[in-house]
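If you look up TrEMBL, you'll see 199-451 marked as domain 'Chorismate-utilising enzyme C-terminal'. The active site, proton acceptor annotation in TrEMBL covers LYS219. Residues annotated as active site, proton donor in TrEMBL: GLU268. What TrEMBL lists as Mg(2+) binding site is GLU312, GLU447.
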Amino acid sequence: MIEVSETSLQSMLEKAVNEAKINHTSPLMSMTKEIKKIDPILFFEAAKKSAMDRTFWSSTADNFTVVGVGSAYDLIAETNRIEQTEAVWKKLLDEAIIHNPYETPGTGILALGGMSFDPTKQKSVLWKNFPHLAFTIPKFMLTEWEDACYLTMNIQVGKDDHPLQLADKLKRTEDMLLNTSGYLPEEPDIDKTEEVAPTEWKRTVKYATDFIKEHSADKIVLARERLVRLTDEAVVSTTLNKLTDTQPNSYVFAFERAGDCFVGASPERLVKQDKNDVLSTCLAGTAPRGKTKAEDARIGTSLLHDEKNRREHDFVVKMIRQSMENFCSSIDVPEEPVIYPLKNLQHLYTPVNATLKEGYSIFDIIGELHPTPALGGVPRNKSLAFIREHERVDRGWYGAPVGWLDSNRNGEFAVAIRSGLIQGNQASLFAGCGIVKDSEPEAEYEETNIKFMPMLSVLGG
Ligand SMILES: C=C(O[C@H]1C=CC=C(C(=O)O)[C@@H]1O)C(=O)O
């Protein structure tokens, strides 16, 4: 990695083209500057005019948002996903030419993306635009952090490129993106929604409880799908705006690929890295919110003492602790979970803090943690085999890690739940439940209905 103090885009590009000539490489040039404050969602909307795919990531609790536009480089893998991606990422960073005088996480060279829940599964046509793994290093990126905004431009440069022409083109697109309209378009209404095979799903839940008893499995997570048809094409920026307003304590994300967009508001952190500090969280065990404060507290207390939910939660805690032991030291896990309140639901929550051992990266942790028992089950292989054989939906990227990492060893990944795939005027929403031996199909079905709410309530005008 070459870090330069250069501040002119053209001279940075000249340097990069020179490097390309000398080393016979195609390095990434990355330049970050602080800009005046701009609403990230308006920037996302303005980028629609560019016809480039957009990416959105916001940690609503941390006041941290990144919006990516276009792609300077796409890291794509169908199999052998994490090792292959890590090797390419390291090479890109080694060759990169960077100007980023800020310590701000999420600026400079950043890869945003995700992966499918199950790479061994044949993809259905629904997810045709989503490879088993895809990370994008955006061409243009807006980062909002602690009341300041930064603009990063990334571009891959070849030996025959012309610095002045490139600089001109980048500048023109930058002006277009920063020239936001000041308002978001209205969303279309919901025309109709349709449940996909609810009776069969309840039957599979019953079958899973029998299987758990007969095959000494502990837990299997089963997901289902709900279709939404809108009166016109969805407006993703407006959907994101409503999600950031209505879903505090969540990661709001959007990954657009060839026009299709995977959108969600997940409360479930998989892992956060800040140099050597890592934080994972266990989120499993669910109850609704109460209508009054007293009822809410009563439901929360009974969730904390409910044997079935505690068992479901403890599987996750045990597995995350064990996985972290492979790559981390000083692992700190509280004895008891606490309540994590969301708008429509409350969950059992246990944070896991640790220190990353020398030589390991966030990729290692993701590879080991996914799928946690909150999305797969226990034991992992038995539950995955059951899901592969009996679940009727193609989960695609639902239930899998999505997030970002940067060149300064910062990054954060969530598990993509409370999410859906938007395609024009249609959306496929996904929700699942942890099934244990005493689960009741009807109660689990109701729980998935609540889990559809975050997405369902923001789609439609
Ligand atoms: C699979 C989902 O939630 C998981 C995360 C938290 C709590 C869960 C539960 O209590 O069943 C699930 O394991 C989903 O929302 O689609």
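Cβ coordinates come from backbone N, Cα and C, glycine included.
Shown here: features listed in TrEMBL, placed on the structure.
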{"residue": "LYS219", "record": "active site, proton acceptor", "DSSP (3 states)": "strand"}
{"residue": "GLU268", "record": "active site, proton donor", "DSSP (3 states)": "coil"}
{"residue": "GLU312", "record": "Mg(2+) binding site", "DSSP (3 states)": "helix"}
{"residue": "GLU447", "record": "Mg(2+) binding site", "DSSP (3 states)": "helix"}
Out of GLU268, GLU312, GLU447, point to the one nearest the residue listed as 'active site, proton acceptor' in space (Cα versus Cα); all of them are recorded positions in the record. GLU312
CB neighbours of GLU268 (active site, proton donor) within 10 A? 24
Would you count the other C-beta atoms found within 10 angstroms of the C-beta of GLU312 (Mg(2+) binding site) for me? 26
Separation of alpha carbons, GLU268 (active site, proton donor) and GLU312 (Mg(2+) binding site) (Å): 15
Over the domain 'Chorismate-utilising enzyme C-terminal' (199-451), what is the model's average pLDDT? 95
Euclidean distance between Cα atoms of GLU447 (Mg(2+) binding site) and GLU268 (active site, proton donor), Å: 17
Neighbourhood of GLU447 (Mg(2+) binding site), C-beta criterion under 8 angstroms, separation at least six: THR286, CYS433
